[in-house]
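Undergrad: Questions regarding the structure given below will be posed in turn.
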Amino acid sequence: MKFIDQTIIQVIAGNGGNGCVNFRREKYIPKGGPDGGDGGDGGNVWLQSDNNLNTLIDLRFKKTFQAPHGENGSGKNCSGKKGSDIKIYVPVGTKIINYQTREIIGDLIKHKQKILIAKGGWHGLGNTRFKSSINRTPRQRTLGSVGEKRDIQLELILIADVGTLGMPNAGKSTLVKSISGAKTKIANYPFTTLNPVLGSVNTEGKKFIIADIPGIMQNASQGFGLGVRFLKHLERCKILLHIVDLCPTDHSNPVENIRIILNELKKYNTSLYNKPRWLILNKIDLIKSSEIKKIIDKIKNFLKVEERFYLISSIKKIGVKKLCSDIAFYLQK
């Protein structure tokens, strides 16, 4: 199924039903009093999260959702039927934004969490409501009010404990697949991963969710490549794993690749840049130990600060168990 993480829909709540003007007319009761009933309230529109959904694709094709109107009141003090509510189901992690005002209406981060996004109109009052000691035959009534109408932007942000980032073909997908069994495509060319993928990792009785997003390239913040569009899916993560290829097939400089990623991350969002970030130096099986030491020295000199880093080989699972164990321990703190 195609991964869609953003869409705009229109929601229209039902109008309230009108109140009724009516008088009791029965045999032997020629001057019966008012008996006009109230209208019914308009139907509401709700959004509800569902763990079984992982894309907004269904809402890309149906753009307008309208709840039924409340029915008008009638004689014999009969109230109109309330318009039934409607629910729109979305994936867990969906952020709800008022498209016009940019106000954040809500954020559905739990299963079966729901939020009212368009309130139905209030019912109109029948003439019975206006009877008094000085007005025995009221002809007043009120009309039902109009239901709310809104344009809503829905933005899906995946919920994961750990997120991966790095250049295309750095080995992010291989790592995620090797530790979680996630069904992510792997090949020896850039941008193999076209959409975010979630994997569940179990280690030493502890469990965490890891997200794999498409690789980031230079000038991604200006629209190049794929990754910057999906960086938002790292916003809920507690740790970021910055995967670095120590032996790039394009012969690029690993230190320069680190600089590119950090620069693009900072330009995208400073709060994301400031998240806890571990440096994962990958593909150590393809390079000599002496070369690894030289690269590490250059990285430390570039970063200027002490940053936690790991030496691993995703494909041969060297150092991976220790990494997973440390992640699980960190998340429990």
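Note that Cβ sites are derived from N, Cα and C of the backbone, with glycine treated the same way.
Annotation source Swiss-Prot lists domain 'Obg' at 1-159, citing sequence analysis. According to Swiss-Prot, the domain 'OBG-type G' annotation covers 160-332, on the basis of sequence analysis. The GTP binding site annotation in Swiss-Prot covers 166-173, 191-195, 212-215, 282-285, 313-315 and is backed by sequence analysis. Per Swiss-Prot, the feature Mg(2+) binding site maps to S173, T193.
For each feature listed, report its degree of burial, its nearest neighbours and the pertinent distances within the displayed model.
TA: K172 (GTP binding site) falls within a helix when secondary structure is assigned with DSSP.
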Undergrad: Which one of these binding-site residues has the most other Cβ atoms within 10 Å of its own Cβ: N169, S173, N195, S313?
TA: S173
Undergrad: What are the non-local neighbours of G166 (GTP binding site), defined as same-chain residues 6+ apart in sequence with CB under 8 A from its CB?
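TA: For G166 (GTP binding site), the qualifying residues are K172, G215, I216, H242, I243, V244, D245, N257, I261.
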Undergrad: So if I draw a 10 Å sphere around the Cβ of K283 (GTP binding site), how many other Cβ atoms end up inside it?
TA: 24
Undergrad: Would you mind reading off the Cα separation of K283 (GTP binding site) from S173 (Mg(2+) binding site), to the nearest angstrom?
TA: 13
Undergrad: Among K172, P214, all listed as binding-site residues, which has the most CB atoms within 10 Å of its CB?
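TA: Result for the most crowded candidate: K172.
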